[in-house]
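The structure appears right after this line, and notes come after that.
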């Protein structure tokens, strides 16, 4: 097999984690790394064993790069995505794809025009477990889906840096809240609802001293599905999801998994009946999402089924509504 050659844009912690995940890829290998500063890129390449390094423009101009991973701060995502697509590269971009609806739409339009894959990197969507979760919802194993509840939150070690900086689109909603919102959108889509109708019904939260949302919750309506989501960057919240149907409830205790390993277990509680374990193999999720991008590239597709563009758009709209609701 000829392996696809990846370039990683950004020299931070999330890029290091992606490079580790790429070692588990069946289709691609690390070839290049890039950063704003060429010397920083050179050092990063030395740490991770990349063949070449350089600035963003230098690496995107290379003919020997097939796909790029964007692992920079939120506010730089869309410009790098647009530049990579213009250079003819497939793109895997860390969430959120854009910091607002306009940026998200611009990126997707560029990918459509270029005929190249563009995937928002919600790693929990890739692997056997999300496929099983999708199957349970879509086949009616839970009955009619009425409610989804999920949360994610952590207590950041410092109250400074990108998470707490409005200039880099910091805050809990964009950094972590995108996970439960995207799950609500996914479950509703799997249940046959029109996710274009998704809307925030109510929202609460707290804006911190630096001007970003630190804790937030919302109620989302997507057709017949109601979702309750919570997120925080100043307190620990459970990393759980509950999908409630008319005939069964699916509880997923570690729905988001980690950067190293996806989740692989849940409990199915049948109404008036017994409970049973739902188990699947786990995967290295960052390697799995990289494989999905390369498969799409080789098959001439711009989207992947794990995170279709209609769901990326719906998630972006809801995140924008949620942020506006908190002021």
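Keep in mind that glycine also has a Cβ here, set from the backbone N, Cα and C atoms.
The domain 'Gfo/Idh/MocA-like oxidoreductase N-terminal' annotation in TrEMBL covers 6-118.
Taken from TrEMBL, the feature domain 'GFO/IDH/MocA-like oxidoreductase' covers 132-248.
Per-residue pLDDT, averaged across the domain 'GFO/IDH/MocA-like oxidoreductase' (132-248), gives 98. Sorting the domain 'Gfo/Idh/MocA-like oxidoreductase N-terminal' (6-118) by DSSP state (H, G, I as helix; E, B as strand; all else coil) yields 53 helix, 24 strand, 36 coil.
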